[in-house]
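Positions annotated as active site, cysteine sulfenic acid (-SOH) intermediate by Swiss-Prot, on the basis of sequence analysis: Cys44. The substrate binding site annotation in Swiss-Prot covers Arg120, and the record cites sequence analysis as its basis. According to Swiss-Prot, the feature disulfide bond maps to Cys211-Cys217. The annotation domain 'Thioredoxin' is assigned in Swiss-Prot to 2-157 on the grounds of sequence analysis.
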Amino acid sequence: MVVLGQKFPEVEVQTTHGRMRLPDHYRGKWFVLFSHPADFTPVCTTEFVEFARNYDKFKAMNTELIGLSIDQVFSHIKWIEWIKEKFNVEIPFPVIADDQGELARMLGMISPYKGTNTVRAVFIVDPEGYIRAMLYYPQETGRNIPEILRLVEALQTADKYGVATPANWHVDRYEFKPSSIVGNDVIIPPASSLEEKKDREERAKKGEIECFDWWFCHKKLE
């Protein structure tokens with residue numbers, strides 16, 4: 001498992017934008033590599049939408065985005081199409097299909113206590129290929145994208161001026177807003193049986209919950 005300050009491991013990966021070699025593909029740029037537990041899951045979908053809607057802000061800081069899960073590339077492509085169809089949001093960044101989990105294990109993205117899916121990890125890598133920040137979130141908690149933007153800016157500022165940034169530095173500069181697709185609703189875990197799927201669909205018809213699909217339902221807290 002890698003540690004903070006270490007060089008990002010050299011690896012060739014299959015992505016939705018074709019094969020690429022990391023970290024060389026992004027040499028001269030910063031990049032944010034983030035893993036998600038699985039395609040066609042609700043929390044991950046909200047994250048991808050928010051990463052996409054903030055993509056230009058990352059680009060303005062000479063920073064690229066790249067996603068990862070242990071799904072196959074065909075699943076990634078279909079999920080990206082679903083997101084475009086449902087929310088009219090293009091996913092402009094590549095997504096790694098680490099279907100054997102090799103890179104995920106190198107980066108400590110798979111917890112032996114949390115199943116075989118990747119956790120919600122974030123790695124910020126500088127233009128020389130060094131890992132500058134590592135964040136891990138549990139599967140049930142979505143990430144705050146403005147905080148990741150703030151962290152990138154803080155690291156770049158530290159490098160440029162030889163300074164350090166204090167707690168809550170520039171939180172006022174970034175708009176901490178609810179999810180653009182579910183607001184402050186909470187997400188109901190995806191159905192794990194046909195009976196549960198049918199129940200969700202019935203509850204949605206009654207207006208008890210809202211669903212974009214049978215696996216993506218949300219509601220207000222009572």
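Cβ coordinates come from backbone N, Cα and C, glycine included.
These figures come from a predicted structure and were not determined experimentally.
In this structure, Cys211 is the one among the recorded positions Cys44, Cys211, Cys217 with the smallest number of other Cβ atoms inside 10 Å of its Cβ. Spatial neighbours are here defined as Cα atoms within 10 angstroms of one another, and by that definition the neighbours of the residue listed as 'substrate binding site' among the recorded positions Cys44, Cys211, Cys217 are Cys44. For the pair Cys217 (disulfide bond) and Cys44 (active site, cysteine sulfenic acid (-SOH) intermediate), the Cα-Cα distance reads 13 Å. Under the three-state DSSP scheme, the residue listed as 'substrate binding site' falls in the strand class. Distance between Cα atoms for Cys211 (disulfide bond) and the residue listed as 'active site, cysteine sulfenic acid (-SOH) intermediate': 15 Å, as a whole number. A strand conformation is recorded for Cys217 (disulfide bond) in the three-state DSSP classification. Using a 10 Å radius centred on the Cβ of Arg120 (substrate binding site) and all shown protein chains, the other Cβ atoms total 21.
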